[in-house]
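**Q** My questions all concern the structure below.
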Amino acid sequence: MNFNSISRLNGEIILPGDKSISHRSVMFSSISNGKNYIKNFLMGQDCLSTIDCFRKMGVNIDIWKNKDVIVNGVGLRGLKKPDNVLDVGNSGTTIRLIMGILSGQNFKSTLVGDESISKRPMKRVTEPLKEMGAKIDGLENGNFAPITIEGGNLKGINYKMPIASAQVKSAIILASLYSNSSSKIIEKSKSRNHTEIMLKSFGADINVDGLEIDVNPVDSLYPQEIYVPGDISSAAFFIAGASIIKGSEVLIKNVGLNPTRTGILDVLKDMGGNFEILNKEVICGEEIGDILVKYSNLNGVTIYGDLIPKLIDEIPIIAVMATQAEGQTIIKDAKELKVKESNRIKSVVENLKKMGADIEELEDGMVINGPTKLKGANIESFNDHRIAMAFSIASLISYGNTYIKNFNCVNISFPSFCDILKRISY
Ligand code: S3P
């Protein structure tokens, strides 16, 4: 797909639902006892993979007007052995969280995914789940898909997490619902807590105290009505675009503002960004609000430590913003980027270099010196949705044409990205 520079971004936008929350809404609804209504569900390929997996295990799921979903939950132990493999496509959240649920089922099933999923490490999930009693096999000692799981007879776990990962944490929490004793999970650093918030509303017995999470087994979950807020990870592209394109002003409505996800706003504030949060409220336990962003002169910052999990998916677009900031931006402690949909340290550095940015790759991040006038280039998306979208924003401030290869991968998390971008571009 081709992109050219524009003069400004201007307008009001409403985003599709949050990807992390959409996945969880279908998963938890499927194992609840009764009918669940989900509003503003993200109809991206990843979340559709989750729906597909639960349908294959006998859950009746209806999609309404391409936005709302009704899930007829079958109960914690009511899933059926699928006739075939469960295909998670490109979705890391699907494969890792579903392993927690499958660990509690009395049947054997196999999880497969696309080329990217097959390269992503799974031991971080399979090891604690095996310790709890699940029988799991996978390539290279359970580290890579295809993964075969046979669950049942789980015991609680006391687990100190070696990495900050909401996917790992969530898989263990889900398996803990099925265990015969309580579990304690100690996080390395606070990661997104949508599982804890949502499962509590379904009636799970979860107590959080700082980095410690205690989970007691339960007999059943109660069905819910869930509103999925707009995805801050999708908002990030417009937040960054409006901040770096002169004369821009964008109002992004109903964005999820859970503090475990708003690292990009903390960074933008430090960079001297011009934004305001309006109409803040709490829906289904999640903070929500509108974000009004205007262009401003940015300065470089250092991003590290506990802030990293709060913006891990936004680093590609933050790197693009940093090329327009005065001075140096250092991003470190972000080794996890190497095992996302692509190696995002390499994907960002390689592509920004092609556009003429002053950027250096680090073992656990990158260093960017700005500001630089970017030039159009042939960009490799590496089939990674967040790379494709980050570089489409970079192209809007570049001179010359930019071509982004395999741009269709944006459908993974944000099928309406181009329509929205076109509508507010001048
Ligand atoms: C997610 C957690 C994060 C994030 C991913 C979604 C989730 O991954 O990068 O896009 O929904 O729990 P990790 O848990 O591997 O950090």
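Backbone N, Cα and C define each Cβ position, glycine as well.
According to TrEMBL, the protein carries these features:
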- 5-421: domain 'Enolpyruvate transferase' (DOMAIN)
- Lys19, Gly92, Arg120, Gln167, Arg344, Arg386: phosphoenolpyruvate binding site (BINDING)
- Lys19, Ser20, Arg24, Ser165, Gln167, Asp313, Lys340: 3-phosphoshikimate binding site (BINDING)
- Asp313: active site, proton acceptor (ACT_SITE)
**Q** For the binding-site residues Arg24, Lys340, Arg344, Arg386, which one has the sparsest Cβ surroundings, going by other Cβ atoms within 10 Å?
**A** Lys340
**Q** I'd like to know which of the binding-site residues Gly92, Gln167, Arg386 sit within 10 A of Asp313 (3-phosphoshikimate binding site) at the Cα level.
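**A** Qualifying among Gly92, Gln167, Arg386: Arg386.
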**Q** Across the domain 'Enolpyruvate transferase' (5-421), what is the average pLDDT of the model, as a whole number?
**A** 98
**Q** Cβ neighbours within 10 Å, counted over all protein chains: which one of the binding-site residues Ser20, Ser165, Gln167 has the most?
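**A** The residue with the densest Cβ neighbourhood is Ser20.
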**Q** Any of the binding-site residues Ser165, Asp313, Arg344 with a C-beta atom under 6 A from ligand 1? Give them in order, or none.
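**A** From Ser165, Asp313, Arg344, counting a Cβ under 6 Å from ligand 1 as near, the near ones are Ser165, Asp313.
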**Q** What is the nearest of the binding-site residues Ser20, Arg24, Ser165, Lys340 to Arg386 (phosphoenolpyruvate binding site), using the Cα of each?
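**A** Result: the closest of the binding-site residues to Arg386 (phosphoenolpyruvate binding site) is Lys340.
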**Q** Give the maximum pairwise CA distance in Å, whole number, for the residues Lys19, Ser20, Arg24, Ser165, Gln167, Asp313, Lys340 listed as binding 3-phosphoshikimate.
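**A** Farthest Cα pair among residues binding 3-phosphoshikimate: 19 Å.
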**Q** Judged by the number of other CB atoms within 10 angstroms, which among Lys19, Arg120 is the least packed of the binding-site residues?
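**A** Comparing Cβ neighbours within 10 Å for the binding-site residues Lys19, Arg120, Arg120 has the fewest.
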**Q** Using DSSP and three states only, what is Ser20 (3-phosphoshikimate binding site)?
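**A** In the DSSP reduction, Ser20 (3-phosphoshikimate binding site) maps to helix.
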**Q** Please tell me which one of the binding-site residues listed here (Ser20, Arg24, Ser165, Lys340) sits closest to Arg120 (phosphoenolpyruvate binding site), measuring Cα to Cα?
**A** Lys340
**Q** Just to be sure I understand: of Arg24, Ser165, Lys340, which binding-site residues have a C-alpha no more than 10 angstroms from the C-alpha of Gly92 (phosphoenolpyruvate binding site)?
**A** Lys340
**Q** Can you tell me how far the Cα of Arg344 (phosphoenolpyruvate binding site) sits from the Cα of Ser165 (3-phosphoshikimate binding site), in Å?
**A** 16
**Q** Give the distance between the Cα atoms of Ser20 (3-phosphoshikimate binding site) and Gln167 (phosphoenolpyruvate binding site), rounded to the nearest whole Å.
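**A** Counting only the Cα atoms, the answer is 9 Å.
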**Q** Given the binding-site residues Gly92, Asp313, which one has the fewest other C-beta atoms within 10 angstroms of its C-beta?
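**A** Gly92, out of the binding-site residues Gly92, Asp313, has the fewest neighbouring Cβ atoms within 10 Å.
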**Q** For Lys340 (3-phosphoshikimate binding site), which DSSP three-state class applies?
**A** coil
